[in-house]
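**Student:** My questions will all concern the structure given below.
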Ligand SMILES: C[S@@+](CC[C@H](N)C(=O)[O-])C[C@H]1O[C@@H](n2cnc3c(N)ncnc32)[C@H](O)[C@@H]1O
């Protein structure tokens, strides 16, 4: 009898095991760690907004990097049970419908992160469209709440809309890099767009 194909998300791989061993709820922490290492993203005292923060690995990592003098707002549709320390506040809600004011608790932010991803629907096209919508919402939030000179990291599923997404971020930031961290699963369609040095107001374009 043919073997049932294995679901790669069901098997704890080396990254998952290492994340758990270090006290993080998810392997995604290594993606942010690599991006941080490559672009020098996070520093003590920064104000950080983390969109799509559950179960909490990115926020745990960011809270450690910004330290007690920093501020972190972690937002997700799902409840977050991980503890990030006194510098963090958690909001449960939909980033697509929460107002910018509701997300502005520690604005202006030095860093806006979005690891938001849609629950997969079985339709590749629908998932790509939803991922693009989430990415563009994160860029719009950054446009409203990111300080000049600040940085943005956003996840997007590869699709024909990638160029539009990259151009939107180029409009906002002086430099834009595409990063596919080593911790990304081999079969994953996701990529991270990193915007560095948010342009001063009036310099868009
Ligand atoms: C890949 S997980 C994030 C993992 C997280 N960065 C970590 O390290 O633990 C994607 C998250 O995006 C969230 N999400 C998807 N759509 C959202 C929305 N409209 N508003 C807020 N969060 C959303 C999901 O609930 C899910 O928790």
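Glycine too: its Cβ is placed from the backbone N, Cα and C atoms.
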**Student:** Which one of 76, 127 goes with 56, 58, 94, 115 at the S-adenosyl-L-methionine site, as TrEMBL has it?
**Tutor:** 76
**Student:** Comparing the binding-site residues 56, 58, which residue's C-beta has the most other C-beta atoms within 10 angstroms in this structure?
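**Tutor:** Of 56, 58, the one with the most crowded Cβ is 58.
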**Student:** Write down the Cα-Cα distance for residue 155 (active site, proton acceptor) and residue 56 (S-adenosyl-L-methionine binding site), rounded and given in Å.
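**Tutor:** Their Cα atoms are separated by 16 Å.
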**Student:** According to DSSP, does residue 58 (S-adenosyl-L-methionine binding site) fall in a helix, a strand, or coil?
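**Tutor:** DSSP call for residue 58 (S-adenosyl-L-methionine binding site): helix.
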